[in-house]
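Engineer: What Swiss-Prot lists as active site, acyl-ester intermediate is Ser236. What Swiss-Prot records for Glu373, His482 is active site, charge relay system. The disulfide bond annotation in Swiss-Prot covers Cys80-Cys124, Cys295-Cys307. Taken from Swiss-Prot, the feature N-linked glycosylation site applies to Asn302, Asn383. For Gln20, the entry in Swiss-Prot reads pyrrolidone carboxylic acid, with the evidence type experimental evidence. According to Swiss-Prot, the feature signal peptide maps to 1-19.
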Amino acid sequence: MVSKTFFLAAALNVVGTLAQAPTAVLNGNEVISGVLEGKVDTFKGIPFADPPVGDLRFKHPQPFTGSYQGLKANDFSSACMQLDPGNAISLLDKVVGLGKIIPDNLRGPLYDMAQGSVSMNEDCLYLNVFRPAGTKPDAKLPVMVWIYGGAFVFGSSASYPGNGYVKESVEMGQPVVFVSINYRTGPYGFLGGDAITAEGNTNAGLHDQRKGLEWVSDNIANFGGDPDKVMIFGESAGAMSVAHQLVAYGGDNTYNGKQLFHSAILQSGGPLPYFDSTSVGPESAYSRFAQYAGCDASAGDNETLACLRSKSSDVLHSAQNSYDLKDLFGLLPQFLGFGPRPDGNIIPDAAYELYRSGRYAKVPYITGNQEDEGTILAPVAINATTTPHVKKWLKYICSEASDASLDRVLSLYPGSWSEGAPFRTGILNALTPQFKRIAAIFTDLLFQSPRRVMLNATKDVNRWTYLATQLHNLVPFLGTFHGSDLLFQYYVDLGPSSAYRRYFISFANHHDPNVGTNLKQWDMYTDSGKEMLQIHMIGNSMRTDDFRIEGISNFESDVTLFG
């Protein structure tokens, strides 16, 4: 007679087998393990480059030279050194009462997303892989590579778990592998000025992203992914990063003779006409950073950089948070000071010119925005309550623009509440007399004009565009604000969650957002039809991309407004 003990032992053995940690083999024989989370195998905190510390601080990433053997990829790595995104949330709480106006089911996820990058370390070049449970190395699943945003001064891959995308892809019968990459931000990743340019280490953050993509090309097949079917996508500065990866090296996205990526999605971001790495903005940001770190920016290029590399992480973190422009919650001026810059290397020319001259990777893409992108940024100018105040504020952030250019902007964006953002709300939601006007300017300057520049310049590839309006008339003052799409993609399952995920998963699989989604047909953008998908809280519809033509066209043509 078989004992009860035997059956219990057998049952425990089966359970143990089912819950066994997933593994992957790298470099031929180095075994790493991850964690089974429900129906998703997760591998978190995998190094893809050597730690950018000591003499490697501010430099381009170097290939990982360690061993993966025995790595327990159970937890996200620390975020790269950065500003605290909680400062932005705190300001919005103070100015617009964020905690009161955001619906209950979105408030918690918003704060969770902001807190994803609290733990920081300069040793931060790690990535994460999410795949359907039990995926075999020969599965050849499409790969979705996520690049986070954060104004190029904060952000972390830990804020964006890929479980939801993987689960949805399995339910659709179109399984994918999801990868998220850390990259350096602020002065660590986008230090500008003469010194770093002469050293040849500009745009280190873009090189981090590229090094991550090279790792994917070399290794993702070991996790069941297909290196010949990689889609890159990102939001805000992540989308701007995607835009710059498309024009990197004049559109050459190859590595070892193969494309690093084969399609792209840009959410709330596109190419910006940044001035080059030795222009006034990045040079002054470099000088301020050195000054607050206790280094003499006038001592000579090599001496100043050596001084900065000798400082502790705490000293440099304090310096980054001590700028005299920090009264604008450390976002806008530093965003204009730190970011991808033409350097004659990875970015050989201004991004607008690279697109307009056809020097971009010829891959299909999706680009779109939230309707009221600028409302979450407008509080930086909360004290601008009259037209003269607004012009003075514009001159402050658009220092290269002439008075005539600024007057033109003000005439195209009048102070009428009914024409500002949140759009289509009449006289409502005017936090201050100029709030809606400033929010509209931000929306079109930073988001809508780069989107249209891209669409107009890339006539030889298939492209789709969208406008998201899911929070229209639901969130006072903010409307469908910048970043609200992330809540539905990564943190809640309601309303437009399935639209974002299913369209994007289909695009990763087929380079067409319409296959097997059970959603509204999304027509491809054409120059004649200007077809645009509109994403609502419930359902989607097609419309024409024909709003605010004159104002947005002015931003497209006058690059001095970005200086």
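Here, residue 1 is simply the first one shown, and the rest follow in order.
Here the Cβ of each residue, glycine as well, is placed from N, Cα and C on the backbone.
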Engineer: Between the Cα atoms of Cys307 (disulfide bond) and Glu373 (active site, charge relay system), find the distance and write it as a whole number of Å.
Structural biologist: 39
Engineer: If one measures from the C-alpha of Cys124 (disulfide bond) to the C-alpha of Glu373 (active site, charge relay system), what distance in angstrom results, rounded to a whole number?
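Structural biologist: Rounded to the nearest whole number, the Cα-Cα distance is 29 Å.
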Engineer: Kindly assign Asn302 (N-linked glycosylation site) to one of the three DSSP-derived states: helix, strand or coil.
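Structural biologist: In the DSSP reduction, Asn302 (N-linked glycosylation site) maps to helix.
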Engineer: I'd like the number of other C-beta atoms within 10 A of the C-beta of Cys80 (disulfide bond), please.
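Structural biologist: There are 28 of them.
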Engineer: Counting only residues 6+ away in sequence within the same chain, which have a CB under 8 Å from the CB of Asn383 (N-linked glycosylation site)?
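Structural biologist: Within the chain, Asn383 (N-linked glycosylation site) has Cβ neighbours under 8 Å at His389.
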Engineer: Using a 10 angstroms cut-off on Cβ to Cβ distances, just flag whichever of Cys124, Cys295, Cys307 is the loneliest among these disulfide-bonded residues.
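Structural biologist: Across Cys124, Cys295, Cys307, these disulfide-bonded residues, the one with fewest Cβ atoms within 10 Å is Cys307.
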Engineer: Sort out for me which one of Gln20, Ser236, Asn302 has the most neighbouring CB atoms within 10 A, since those are the recorded positions we care about.
Structural biologist: Ser236
Engineer: If you run the three-state DSSP split on Cys307 (disulfide bond), which class comes out?
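Structural biologist: In the DSSP reduction, Cys307 (disulfide bond) maps to helix.
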Engineer: Out of Gln20, Cys80, Ser236, Glu373, His482, the recorded positions in the record, which is closest to Cys295 (disulfide bond) when you go by Cα distance?
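Structural biologist: Ranked by Cα distance from Cys295 (disulfide bond), first place goes to Cys80.
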Engineer: Taking the Cβ of Glu373 (active site, charge relay system) as the reference point, list residues of the same chain whose Cβ is under 8 angstroms away and which are at least six residues distant in sequence.
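Structural biologist: Within the chain, Glu373 (active site, charge relay system) has Cβ neighbours under 8 Å at Ser268, Ala421, Phe442, Thr443, Leu446, Phe447, Gln448, Phe481, His482.
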Engineer: Please work out the number of neighbouring Cβ atoms within 10 Å of the Cβ of His482 (active site, charge relay system), leaving out its own Cβ.
Structural biologist: 24
